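Chemist: Here it is, the structure in full.
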């Protein structure tokens, strides 16, 4: 005979939420979301393809950009199934194990993207502050090691966090605030003590995204100091121009993530629509905007994309 906690664990089913109060219009509301998914998946897929196939883009900067596109692609695909299910088929139920799996990919790709942005900041720092040693420092073998380190860092810390979550009991409401599983959202539904889960989750965020943001800021302080020492205004403009795309990517990644974290921590009485809006911005805006930013601001990417499109047409 299973215990009470065991029966809860095995029978737990959560209910995902679309846009509260607009359930009748979900099919129509999802059309713009669908367009954003198409832009994100095709844009990041195209950047990955041109970097892999175009030999002129086989440089450290573009290798890191391909990692960014890979994480954005993974983040999109992690939520696509449940978003389509909720908005077009009213399939709101998700099992506990499926929820755990989705959280692993969502949070894993989020932490990996933070690490990639830090690696890109280091790349920009070396390119501007120590250009003569750029090729010798960022060799192909080191970039491969950085890639493996990013994957390991983004996933290993999540395993104990999600295992802790599996030991919680859920005996109250099973309705989530989003159309996908998000760790703080699931944890709030537990009717048992979650202090350890909260502390461990906070420690992971501090040791990954928070630490990365501080190191990125530090790298730009050093870059600005180096650029201001350049005598020529044209060279200063060129140096700052190199960093514009990366700074934009950092801003559109960290602001939605911080906003979503603040809403979950302090927005208990906020309207459910606020939770839904910020959650979808957090998920879709970085993957949609990053390919646009880099294809507009990076001439080499522009040329490679135009070349690829023309070759397909011809």
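Residue numbers in this text run from 1 along the chain shown.
Cβ atoms here come from the backbone N, Cα and C positions, even for glycine.
What TrEMBL records for this protein is below:
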DOMAIN    43-294  domain 'G-protein coupled receptors family 1 profile'
TRANSMEM  25-51  transmembrane segment
TRANSMEM  63-88  transmembrane segment
TRANSMEM  100-122  transmembrane segment
TRANSMEM  143-165  transmembrane segment
TRANSMEM  199-227  transmembrane segment
TRANSMEM  239-257  transmembrane segment
TRANSMEM  277-296  transmembrane segment
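Quick one: how deep are these features, and who are their neighbours?
Modeler: Taking Cβ pairs closer than 8 Å, the transmembrane segment (25-51) reaches residues 18-19, 57-58, 62-63, 65-66, 69-70, 72-73, 76-77, 80, 83-84, 86-88, 90, 280, 284, 287-288, 290-292, 294-295, 301, 304-305, 308 in its own chain, all 6 or more past its ends.
Residues 60, 63-64, 67, 100, 103-104, 107-112, 115-116, 119, 183, 186-187, 196-197, 200-201, 204, 207-208 of the same chain lie 6+ residues outside the transmembrane segment (143-165) yet bring a C-beta within less than 8 angstroms of a C-beta in it.
Distant neighbours of the transmembrane segment (239-257): 68, 110, 113-114, 117, 120-121, 124, 127-128, 209, 213, 216, 220, 223, 226-227, 230, 278, 281-282, 285-286, 289-290, 293-294, 297-298; these residues of the same chain sit at least 6 beyond its ends, with a Cβ under 8 Å from one of its Cβ atoms.
Long-range contacts of the transmembrane segment (277-296) within the same chain: residues 33, 36-37, 39-41, 43-44, 46-47, 65, 68-69, 72-73, 75-76, 79, 106, 113, 177-180, 182, 245, 248-249, 252-253, 256-257, 259-260, 263, 302, 305, each at least 6 residues beyond the stretch ends and with a Cβ under 8 Å from a Cβ of the stretch.
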Chemist: Take every residue in the domain 'G-protein coupled receptors family 1 profile' (43-294), average their pLDDT values, and give the whole-number result.
Modeler: 91
